[in-house]
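Participant: If you scroll down you'll find the structure; I have some questions about it.
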């Protein structure tokens, strides 16, 4: 285990599973989602729900292009975003950047969208199309253009979002019950037999991924199909994905693959292609699920610079160290003493 | 073109994405910007219903620039054949071909033939009604004589040779004309032409994909003909990476055409006999006489073997193998005709087998009114569908047109077994049969169709036992004794009988070439013969792709004879050498003296390239060693169709039945032989030259979404799919939204002369107005998956669509019509009827509207109306 | 439960004595998590099948446990689909196991306002009687010119594009023997 300038709560961390006590563990696995080949079919959303018995998450039409899921949440562990862009690339803001990414129980989801709609010029038609910028509508007056010619630069981006399984997972680090844990695969999983629904994790996630279900109160999110991994199977979403936009594998290999793909796209003139969550030096120590995007992260509803909220925890611990040590020592003394050793 | 492959066939689209990753250029030509367009290198928006103008432009580009693959064209197509002097082109007759009769609205096709060939026949009006090409099997009717008799000019210079006729026919389909008709900027159009031609030839091939965006038109068959002409001119047929892919929409819709549940076909594209076929000899002589060249010359063996499978030992040479037992067709008995007959009380009982016409067929209202006027209706489905419950919850309940206590139709609903609850084969879109193993038993009363129809047949036989009525003989003599598994036939045994059996040995035959016309073999579907060769269920083969060659020949079984690429003889040059190493598929191996390669040769294995038939040869023997198109009666692919197509030997741009613009190429506005049903209950929106088209100013098209399936019976009930597309919407451009005051996510309704349906507005830049001949034309579209049952409900979009059909195949024109769009919800109850009536009044619509199908020249053709129920006068 | 196991099950113990002093990994793993396995592993059998939606023909594996379908997913061996499925194919388990499936015959008499129950055998018999009656009612021996028709126009059928070839074969065969020819399917639509 190397920690050049990182630690258990922040910075690069080569082996999160070992850091979490898994000796002799399998390599870290994750997702590389190449959004440049996503066809927006949503097979990932359905395959995830079928495998994990995730309930239906609301039957409302959101009007955000073909996206009727809205965002990740307790009952949507995969979410395909659709972004319609009328302009050629470069500084394009898809209008979704103003939307928060969670929490996402159905009511909140609809409220968020409704709020966004009220503030737009074309009743929301431009959502995912153009900047939400009241002063500069992005289209000409009716009849001034005949569409076909003027929309040759039009593009429609699709991207399947998922829990990032961060190297430093805010949800996990703030969980007081041990419900959230780091698996031997370095993924982050909520254990439903332990979760008591306190909800600390919801505010601990810098991506707004994890959420509580209104009916049972517990927190739910992508497990990266922990049960399937234990049986040597790839996660349901990656298996279903018709175009291999969602690729599952050993994280190191995925990163290499992603680097090659990026190089290939840059070579092909797709200068705007970039990796998101690939960098171990970022605010969460790199993501276990990272992405190739064709625009700024905000365009896809992703935070541009996520930082784990426990970044400063070691410092805080240092200040509180004496008290904490005393408490732990006392606890250990009581229980170890009481249990005895054989 | 005419396909939204990424959305309708997502898993198939992985191969397009893979081709793209390997450097293929993907072009999507479609009225809508879809998830397919999003991944194309180029998307070309064109006005719905103008694909032939576009393709004609491509043909003109190829011919005027000399970009055709000349060696291929000369060797494998009928380009060099001379046409009869009597033939007149649309260029001569203002959009009509020679032989048109305005009163019957049909062609006498006698003049559309080769110069030195006796016209095989003169299709009558009745033939047209019967969907003529199917009447003659897949190859179309015979052309008398062999190619030795056909006058030809190999230099392709003779003014009457097909090549020159083709050139003249499309000469006015210029880039400028394409721009004016289709709304495609000429530079964009030329870009497509350049890409298509540059990626075809010896070393390259281009594949063409279409779906129901091409078939559901009043000129649908000709769309496909136009695509075929381009692909033939560029040498893209029968070659790897080439071809025309008809992507079909349902698990076994290919199978239900091969083994048809269609009125005009018997299994294997043998036509249903009609009143002209007095006996077996007359029938065989009409569909594939012995002296005909090619594999239809064995039609007698296919037919007799089918009759032997149907009637077993009762079928003998003495009684013409029970040919007489077959019912005869004598006109249009298609599903839309039948529904109109239901409205008129002519039909007593109706079976719906996994089909939901109340939502899924055009003119849903007519469908429901028809079903409400039956003696009885049997619905078999896995879930309760609108077609089973129309008597209590159809939209017509609200308008007062149907009332449960006044609706006489007796309804039986039988729950069906699902795909995992029975074994059997589906035939997928590339003609591959794949066997499914049963996983679990169905529950309760759920049963397969196999059980249901076998039971029904058994009970009918019991009830008629002892009948002396000659009319009951076909049923009483019917061979109905398949191997049983419990109380259900073993589907594998049914497949064995479809494959065919040598009646002397009792063993399965190896393929259709083993079939005999002497009653010694039986075969349920000759093109499927081989699927149970060697007593092995070949469709059940599942050798993993990791362990196979590039053509995966041991996964499933593809008809015919497990060939993956049809007409693959054309992948080699006339001498039998691959056109290029890169595009090698099969070739002649001189040493072994046989055809070999990566695929099963679609050619006699040992016939050498230089083979020339002896005098008097017939059938396959008459095929030359370079006649790659072995099912065609002249061995050639048809650029010009001398017969078999009822609406013209060459595809011609006609405006859709409902169109906002006048045909810019000809006086003839629409397809002059399209099938119109001019009835009060089937009104049409006016189209030029008729007046008042402005009442319905917008172009409408309907389509599918990835997240739903057809009429929704298999998706609206599922929470995981329903939540992904929960509500019916109508997509409009920002420009149209501004013009009509439509607000994103608010309600709007779409109106045609049939009805109005309401939906949420989706304003999107994916919809773009087009400039058509100097004016702006807006297009709108709606998905059609909703109805009034299920987790998510909505108006039935098919209610907007009237019935007008392609005359070749009787498929309705549901991909393009005209409409109006207004903000807000539609009126409800009887007010809806009044609202639509008012639209009809303003547009001056009568049952005659749209039925004066001949508009060429000076004349104004007669209307083609029919009596309908006395209702709905404007 | 022995004292040791009881103690070892207590996360704080594991946290302090194990390799996971912060209690975020191994020490926090619950007994349920430690015993997790994919439910497909417990299947009694796996049936090879094909997706029932569109015509691509994606191969499916159907996992059965206690005579119930517990999972349907793609079969990677397939050269057509390579194990992948679209959203509809991925929803196949819900399609075949969901509460929308009807299990009983339903019957609505003429002028009835509600569904009634009917047993399958009776229903089959009633349909057989009606088929014969409708066949007679719509029977045509010859046309006006005296040419043979030998058919009935009293019975029509629509469907078959999601049915098996073997089923379509029997449907066409039986209807043809009955003289019923208004037999159509989605391919016309």
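Count begins at 1; order follows the chain as displayed.
Cβ atoms here come from the backbone N, Cα and C positions, even for glycine.
TrEMBL lists these features:
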- A:38, A:41, A:44, A:241: [4Fe-4S] cluster 1 binding site (BINDING)
- A:48, A:222, A:225, A:237: [4Fe-4S] cluster 2 binding site (BINDING)
- A:163, A:166, A:171, A:205: [4Fe-4S] cluster 3 binding site (BINDING)
- A:175, A:195, A:198, A:201: [4Fe-4S] cluster 4 binding site (BINDING)
- A:29-57: domain '4Fe-4S ferredoxin-type' (DOMAIN)
- A:154-185: domain '4Fe-4S ferredoxin-type' (DOMAIN)
- A:186-215: domain '4Fe-4S ferredoxin-type' (DOMAIN)
- A:316-336: transmembrane segment (TRANSMEM)
Participant: Applying the rule Cβ within 8 Å of the centroid of the Cβ atoms of A:163, A:166, A:171, A:205, what extra residues of the same chain belong around the [4Fe-4S] cluster 3 site?
Facilitator: A:164, A:165, A:169, A:170, A:172, A:188, A:201, A:204, A:206, A:207, A:209, A:210, A:221
Participant: Fewest neighbouring Cβ atoms within 10 Å: which of the binding-site residues A:38, A:195, A:205, A:237?
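Facilitator: Relative to the other binding-site residues in A:38, A:195, A:205, A:237, A:195 has the fewest Cβ atoms within 10 Å.
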Participant: Once the chains shown are all counted, how many other Cβ atoms turn up within 10 Å of the Cβ of residue A:48 ([4Fe-4S] cluster 2 binding site)?
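Facilitator: Cβ-Cβ neighbours of residue A:48 ([4Fe-4S] cluster 2 binding site) within 10 Å number 26.
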Participant: Could you check the binding-site residues A:44, A:198, A:201, A:225, A:237, A:241 and tell me which sit with their Cβ under 8 Å of a chain B Cβ?
Facilitator: none
Participant: In the structure shown, which of the binding-site residues A:198, A:201 has the fewest Cβ neighbours within 10 Å?
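Facilitator: Among the binding-site residues A:198, A:201, the sparsest Cβ neighbourhood within 10 Å belongs to A:198.
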Participant: Using only C-alpha positions, which one of A:166, A:171, A:195, A:205 is spatially nearest residue A:237 ([4Fe-4S] cluster 2 binding site)? These are the binding-site residues in the record.
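Facilitator: In terms of Cα distance, residue A:237 ([4Fe-4S] cluster 2 binding site) lies closest to A:166.
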Participant: Taking CB atoms only, which of the binding-site residues A:38, A:41, A:166, A:201, A:222, A:241 fall under 8 A from chain C?
Facilitator: A:41, A:241
Participant: Could you give the Cα-Cα distance between residue A:48 ([4Fe-4S] cluster 2 binding site) and residue A:171 ([4Fe-4S] cluster 3 binding site), in whole Å?
Facilitator: 21
Participant: Using the recorded [4Fe-4S] cluster 4 site (A:175, A:195, A:198, A:201) as reference, state which further residues of the same chain have their Cβ within 8 Å of the centre of those residues' Cβ atoms, listed in sequence order.
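Facilitator: The surrounding set, listed in chain order, is A:171, A:174, A:176, A:177, A:179, A:180, A:190, A:196, A:197, A:199, A:200, A:219.
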Participant: From the centroid of the CB atoms of A:38, A:41, A:44, A:241, the recorded [4Fe-4S] cluster 1 site, which same-chain residues not already listed sit within 8 A by their CB, in sequence order?
Facilitator: A:39, A:40, A:42, A:43, A:80, A:158, A:160, A:237, A:240, A:242, A:243, A:245, A:246
Participant: What residues, ordered by sequence, lie under 8 A Cβ-to-Cβ from residue A:171 ([4Fe-4S] cluster 3 binding site) and sit at least six positions away in the same chain?
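Facilitator: Listed in sequence order: A:180, A:188, A:201, A:202, A:204, A:205, A:209, A:210, A:219, A:221.
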Participant: Measuring Cα to Cα, how many Å separate residue A:44 ([4Fe-4S] cluster 1 binding site) from residue A:166 ([4Fe-4S] cluster 3 binding site)?
Facilitator: 20
Participant: Quick check: in three-state DSSP terms, what is residue A:195 ([4Fe-4S] cluster 4 binding site)?
Facilitator: coil
Participant: Determine the most Cβ-crowded residue among the binding-site residues A:163, A:166, A:225, A:241, using a 10 Å radius around each Cβ and all protein chains in the structure.
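Facilitator: Result of the Cβ crowding comparison: A:241.
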Participant: Give me the long-range Cβ neighbours of residue A:222 ([4Fe-4S] cluster 2 binding site): same chain, 6+ apart, Cβ under 8 Å, in sequence order.
Facilitator: A:48, A:77, A:78, A:162, A:163, A:165, A:209, A:289
Participant: Counting only residues 6+ away in sequence within the same chain, which have a CB under 8 Å from the CB of residue A:41 ([4Fe-4S] cluster 1 binding site)?
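Facilitator: The answer is A:80, A:242.
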Participant: Have a look around residue A:44 ([4Fe-4S] cluster 1 binding site) and count the other CB atoms within 10 A of its CB, chains all included.
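Facilitator: Looking across every protein chain shown, the total is 30.
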Participant: Count the other Cβ atoms sitting within 10 Å of the Cβ of residue A:175 ([4Fe-4S] cluster 4 binding site), across every protein chain shown.
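Facilitator: Total other Cβ atoms inside 10 Å, all chains included: 27.
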Participant: Please state whether DSSP places residue A:166 ([4Fe-4S] cluster 3 binding site) in a helix, a strand or coil.
Facilitator: strand
Participant: What other residues of the same chain, not counting A:48, A:222, A:225, A:237, have a CB atom within 8 A of the CB centroid of the [4Fe-4S] cluster 2 site?
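Facilitator: Filtered neighbour residues, in order: A:44, A:47, A:51, A:52, A:77, A:78, A:162, A:223, A:224, A:235, A:236, A:238.
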Participant: Pop the Cα-Cα gap between residue A:175 ([4Fe-4S] cluster 4 binding site) and residue A:241 ([4Fe-4S] cluster 1 binding site) into the table, whole Å please.
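Facilitator: Taking the Cα atoms only, residue A:241 ([4Fe-4S] cluster 1 binding site) lies 32 Å from residue A:175 ([4Fe-4S] cluster 4 binding site).
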Participant: Taking DSSP states H, G and I as helix and E and B as strand, how many residues of the domain '4Fe-4S ferredoxin-type' (A:186-215) are helix, strand and coil?
Facilitator: 5 helix, 5 strand, 20 coil
